[in-house]
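Straight from TrEMBL, the features:
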TRANSMEM  30-52  transmembrane segment
TRANSMEM  64-85  transmembrane segment
TRANSMEM  158-184  transmembrane segment
TRANSMEM  190-210  transmembrane segment
TRANSMEM  270-294  transmembrane segment
TRANSMEM  331-360  transmembrane segment
TRANSMEM  381-403  transmembrane segment
TRANSMEM  409-431  transmembrane segment
TRANSMEM  451-472  transmembrane segment
TRANSMEM  478-499  transmembrane segment
Amino acid sequence: MEQQIPEMDSGEKRLNELGYKQELRREMNLFKTLAISFSTMTLFTGITPLYGSSLLYAGPASLVWGWVVVSFFTWFVGIAMAEICSSFPTTGSLYFWAAHLAGPKWGPFASWCCAWLETIGLIAGIGTQAYAGSQTLQSIILLCTGTNKGGGYLAPKWLFLCMYTGLTLIWAFLNTFALEVIAFIDMISIWWQVIGGLIIVIMLPLVALSTQSASYVFTKFEMATEQTGVSSKPYAVILSFLVSQYSLYGYDAAAHLTEETKGADKNGPIAILSSIGIISLFGWAYILALTFSIHDFDYLFDTSNETAGVFVPAQILYDAFHGRYNNSTGAIILLFIIWGSFFFGGLSITTSAARVVYALARDKGIPFSSTWRKIHPKHKVPSNAVWLCAGMCFLLGLPILIVNVVFTAITSICTIGWVGGYAVPIFARMVMAEKNFKPGPFYLGKARRPVCLVAFLWICYTCSVFLLPTLYPISWDTFNYAPVALGVGLGLIMLWWVLDARKWFKGPVRNIEIENDKI
């Protein structure tokens with residue numbers, strides 16, 4: 001009896017057409033890929049740390065409707081990326097897309113820019129999760145030990161840095177195991193966030209003794225010029241949108257896992273768009289729950305309050321539960337749910353960052369590429385790349401010991417790098433000749449140019465606003481040093497390109513022979 005040869009997976013077939021052999025295990029299904037993508041975006045990790053500052057700039061209405069506006073434009077970016085992902089289901093994702101969409105002349109330069117933007121953004125993304133997770137843990141410890149008013153323990157800077165480093169090391173350690181371990185944890189994550197999110201969204205307004213009116217939540221506009229130094233209403237609105245712009249990205253995580261996903265040319269785009277849809281709805285519900293439950297707006301930012309004025313969502317939770325039950329147990333439990341979201345988010349972003357570093361090393365795009373491209377012989381994961389990302393994240397967090405605006409800077413670097421990396425392949429897709437594009441199952445057809453144009457302009461706007469000062473007057477304590485850090489970093493990368501890399505970096509390097517060059 002003749003033995004039947006199993007049909008090749010459609011994603012693996014397309015990968016071979018692009019010039020890559022299957023090296024990673026292709027064992028992820030749609031739900032597992034969606035779980036990791038969803039965990040990378042996460043329900044709480046974007047909104048929670050920036051909620052207080054965005055609320056302060058222009059009041060509740062600007063914050064609430066800002067999420068709707070940003071969600072609307074995010075769909076354009078997600079749809080444009082889903083089409084490209086369907087055609088190029090590779091772990092290199094964004095920078096691989098940029099190389100092939102920009103053509104042979106501009107491809108290497110586009111790939112170089114995109115790869116480094118994405119790498120910087122993802123490594124900084126690990127830092128944002130570690131910082132905000134440590135901030136949540138700091139509030140949990142403070143409430144557990146008696147609150148700021150009751151002699152509770154507020155972790156000093158050195159201990160905060162230890163918590164930041166500890167989270168980074170745990171994520172790196174877990175990422176050295178087989179991807180099925182991460183997938184299993186992220187399946188827990190998606191249920192953790194969905195169930196936990198429902199608990200918080202439903203319980204918080206019910207527990208609060210007094211809630212704000214709908215007119216306050218949806219129409220109240222108030223500026224806090226004395227605290228922020230911002231006197232311009234349009235500028236205040238722009239800054240209040242930052243929480244939404246920081247929260248609504250990360251859906252490209254599904255693209256980083258396409259070489260490990262079954263039917264990636266179909267399931268990759270589905271995971272991208274599903275992540276955006278879920279986060280858009282749940283994120284708005286979370287913002288509404290927090291805003292309706294505000295007890296005293298001014299007291300939220302008082303440094304003498306129970307949470308030391310350092311974490312507004314923690315104070316909202318405390319006011320609700322202490323007001324009704326005269327203890328903070330409920331607030332601590334909900335903060336632990338939120339902390340779990342940061343833990344899962346950091347774990348997933350570490351997974352994505354390592355895949356990008358691995359893919360770039362595979363194409364000889366970073367120093368000592370032969371070291372960082374090595375695959376763990378047993379678990380088949382890029383373990384060396386994982387630890388490189390963890391080390392860079394640790395260095396990024398060292399200024400915690402010196403300055404107070406670390407999170408603002410890391411957030412800006414993360415968003416500009418990560419979202420800026422989206423712009424390169426989307427722009428290339430918009431201007432390329434359609435005859436040179438081989439579409440996958442998800443194809444926009446004639447709609448691709450207007451969709452890509454809106455997406456590209458929105459990304460440019462997003463990157464620009466994260467370079468703006470967020471507090472006035474500008475001093476060493478309030479200075480947003482992200483433009484300086486990015487300027488120096490990207491300047492060195494561009495100088496490296498001009499002096500050396502352009503001579504040898506040709507973008508993605510095929511590792512199998514193919515019959516023709518049409519992709």
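Note: Cβ is positioned from N, Cα and C throughout, glycine not excepted.
These numbers come from a predicted model, not from an experiment.
Counting C-beta pairs under 8 angstroms (sequence separation of 6 or more), the transmembrane segment (64-85) reaches the transmembrane segment (409-431) with 3 or more such pairs. Between the transmembrane segment (331-360) and the transmembrane segment (381-403) there are at least 3 Cβ pairs closer than 8 Å, counting only pairs 6 or more residues apart in sequence, which means the two stretches are in contact.
Panel annotation: around the transmembrane segment (451-472), residues 53, 73-74, 76-77, 79-81, 228-230, 238-239, 241-242, 245, 408, 411-412, 415-416, 419-420, 422-423, 426-427, 429-430, 444, 478-480, 482-483, 486 of the same chain, lying at least six beyond its termini, place a Cβ under 8 Å from a Cβ of the stretch.
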